[in-house]
Amino acid sequence: MAKDIKFREDARARLEQGVNKLADTLKVTLGPKGRNVVLDKKFGSPQITNDGVTIARDIDLEDNYENMGAQLVKEVATQTNDVAGDGTTTATILAQAMVNEGIKNVTAGANPMIIRKGIQKAVDRAVEELQKNAVSVEDKESISQVASISANDEEVGKLIAEAMEKVGKDGVITVEESKSFKTDLNVVEGMQFDRGYVSPYMVTDNEKMEAHLEEPYILITDKKIGNIQEILPVLEKIVEQGKEVLLIAEDIEGEALATLVVNKLRGTFTCVGVKAPGFGDRRKAMLEDIAVLTGGQVISEDVGLELKNADISMLGRARQVTITKDDTTIVDGYGNEEDIQKRITQLRTQIEETTSDFDREKLEERLAKLAGGVAVVEVGAATETEMKEKKLRIEDALNSTRAAVEEGIVAGGGTALIDVLPSLEEVQADGDESTGVSIVRRALEEPVRQLAHNSGAEGSIVAEQVKQKGTNIGFNALENDYTNMLDAGVVDPKKVTRSALENAGSIAAMFLTTEAVVADLPDEDDNDDGDMGGGAPGMGGMGGMPGM
């Protein structure tokens, strides 16, 4: 395919147009008074959202050169979202400001390679200062503030803070669509896996169709149980103690299942069987997790154990187990705390080492089940469009909260970025390097300017006012006044602000050092339709058909 090449100012100008088109679309969503953007969908109703990364992913421009510029900034938004889970609009605004300021200087004759060094020095210094100004997040109120700011909704903030309090910072918090209008929090304590009882005759609560076991013994195996004789010796010992039993196996079938059901119905003893969760190697790992949590052993030929030789000492215990037709929940396993912590450490190491997003997600689920449980935020709304928009906001808020717990918080509303400006005066730079520092200095004001603009205030005046006031004193866009942002609860996770700045600086430096752009020429086939049209008159002979 033939290519078209543009050089120097012409190349950078076309890329800049793409950057501005994408950034200008995202900018309107910033802050508590930011607006929504409507996205056309090929199927179904249009999507209404103010989520930066969702909007960015949906934008493709017709002009190849402009589209390349847009895609590069889209990378900033996506990268920031992947690392910090939020801050995509801020990252895009910073990138646009650095690109626009930088291109002015490069066009005026500055050396882009030296400017790049200045940008990097300034970004590194700003990140150091952000670290100094960060405040750690410990209490429920701080978590609620972070989530409220991100979701632009106080109720959501309270829900997420409550969820994190109940399942811990390592616990899994998932966001699902509710079947009602109300947004609720449902917390599942203990370990839950998606396997229910193998027979409805095993339930102990006929009204709810659930089985509740109190302080049961738990037999864990990766084998099928088809012959009752294999587990009879250990079952007899459990019956002698008058205890209930939970069997977790690959499957329970045939004679074994029939015998267990008959004994349950006769009231001889209570036994519930469930299939082992997961598949393949993941199943073995999950069974091992259950064994560690309950203080038992996985009875498997892999470790030289057989069901017929199983002893009561190999079984796990738990305070309570609830089994429905779909799920099994083990609460307060009797496992050794030291062993559980070792297992948690092992899972954290695996999460850090894995390169697969799918594996990481599954490992995080396993970690949460061991570390504290699962909280489900069920999102309710009147329409599907509203539900999707709300769900995106809650997911952003959740990511922000996790980022805040990890690295602490800084003053929100772009205040933290302006607070680092004095530290840039200390950066050792001269010539075009100092131009790079100046580019970053100007860009750091841009989020405050845009926030003010979206609130109906004059951006440049607000930015100057914030610069003159003390650390953490910023413009509260919701109230249209100046206040201590930390005291007012207007905060941002440091990780989000840091990632936005680092990614913006990186892409701006790449932009400014671009000297040529290569794009595909439009396909020649697009013009072939005219030839086909020219052939059509030749078919006019068919017009003579009546004369035949």
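Each Cβ is built from the backbone N, Cα and C atoms, and glycine gets one as well.
Features as listed in Swiss-Prot:
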BINDING   THR29, LEU30, GLY31, PRO32, ASP86, GLY87, THR88, THR89, THR90, GLY413, ASN476, ALA477, LEU478, ASP492  ATP binding site
COMPBIAS  522-531  compositional bias 'Acidic residues'
COMPBIAS  532-548  compositional bias 'Gly residues'
REGION    522-548  region 'Disordered'
Secondary-structure category, per DSSP, in which GLY31 (ATP binding site) falls: coil
Among THR29, THR88, which are binding-site residues, the residue with the most C-beta atoms within 10 angstroms of its C-beta: THR88
DSSP three-state assignment for ASP86 (ATP binding site): coil
Intrachain C-beta neighbours of THR90 (ATP binding site), sequence separation six or more, cut-off 8 angstroms: LEU30, THR80, GLY414, PRO447, VAL496, THR497, ALA500
Distant-in-sequence Cβ neighbours of GLY31 (ATP binding site), under 8 Å, six or more positions away: GLY413, GLN450, LEU451, ASN454, SER455, ALA477
